[in-house]
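Quick look at what Swiss-Prot annotates:
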BINDING   HIS141, THR142, LYS283, ASN292, ARG301  substrate binding site
BINDING   HIS175, HIS220, HIS275  divalent metal cation binding site
Amino acid sequence: MSKRPTIAITCGEPAGIGPEISIRAAWELRADVKSILIGDAAFLAMIAGAINPDIHLSALSWQAVRNSGLPAFPRDQITVIDCPLAAHVVPGRLDAQNGRYVLQTLDIAIDGAMQHWFDAIVTAPLQKSTINDAGVPFTGHTEYLADKTATKQVVMMLATNATLQPLRVALATTHLALKDVAAAITFDSLAGIIDILHADLQQKFGIAKPRILVTGLNPHAGEGGYLGREEIDVITPVLQAAQAKGYDVRGPYPADTLFQQKLLAGADCVLAMYHDQGLPVLKYASFGLGVNITLGLPIIRTSVDHGTALDLAAAGLGQADHGSMLEAIRVAAQMAAASKASAE
């Protein structure tokens, strides 16, 4: 990359593997990306020194950034925006006292991205229970980002480059009980999701005419109505309306036969109706190398495809694989470049 993008990385749950994988990935990609870690500077410096004494961190306060903007970024160091912990961290052991700290790091990242100081944000995994135990109702990164950016509808998409061709799988519904999925798939909701997918694949991925393949909800895509009418009553009318706008959107396909090379060739994204319909295929092919992307936001956000791995954190440094974090940063940088190009 001729000009390094500025990527803010929230280090997530401090007792998990987030701080370690964030430091490792930021250091490995320092030649191509200006990574800004957001977290407790002393805590991160301690981890960095244990990983590699040659890793140099430079700390600054968020107030200094707000007053004077971001300083220059030497390639031989990582910048940290200091956000002090509330309590001492024991690897692998959750502490609700640090729940609000995790949200503070997110708030800094969101604020900086909205102010255009950061080209994108990448989030390390957090522990929802710790934040809720701190007295803050919290359902997840995606919902929090949507609320903080006043975004009405967002789309969760996972992507990987570990397959024969890049595979992107978006979801019409996310963390819902299976019994609630059918009722959540309405004409307006599905149409809005396809609008977001089409727009962001163009603007944030640089795909001029994206092709989107859509699964049915029911086995065999409803078998002509014998196994459910959602395909007839909702999904097909939505696809016809999208096609009338000029979108290259196809389906509904039976989900059990969609993920084959002859159908995926030339496709830019698959839209699945629910979480465990679309993600097992992607995670089987690329677990540890996948990237979670939130579409529909006014900012770019990617994340890893795994959790806090408290057991690995408790076992000590060097146990965790930072491959997904590397990919999340790379994808964020690529999306930032595509977004700038589309805006020119």
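Count begins at 1; order follows the chain as displayed.
The backbone N, Cα and C atoms fix where each Cβ goes, and this holds for glycine too.
Under the DSSP three-state reduction, HIS220 (divalent metal cation binding site) is assigned to helix. Counting other Cβ atoms within 10 Å of each Cβ, the lowest count among the binding-site residues HIS141, HIS175, HIS220, LYS283, ARG301 belongs to HIS175. In sequence order, LEU171, THR173, THR174, HIS175, LEU176 make up the list of same-chain residues 6 or more apart from HIS275 (divalent metal cation binding site) whose Cβ falls under 8 Å from its Cβ. For HIS220 (divalent metal cation binding site), the nearest of the binding-site residues HIS141, THR142, LYS283, ASN292, ARG301 in terms of C-alpha separation is LYS283. Under the three-state DSSP scheme, LYS283 (substrate binding site) falls in the helix class.
Neighbour count (other Cβ atoms within 10 Å of the Cβ, all protein chains): 21 for THR142 (substrate binding site). The Cβ of ASN292 (substrate binding site) has 23 neighbouring Cβ atoms from other residues within 10 Å, across all protein chains displayed.
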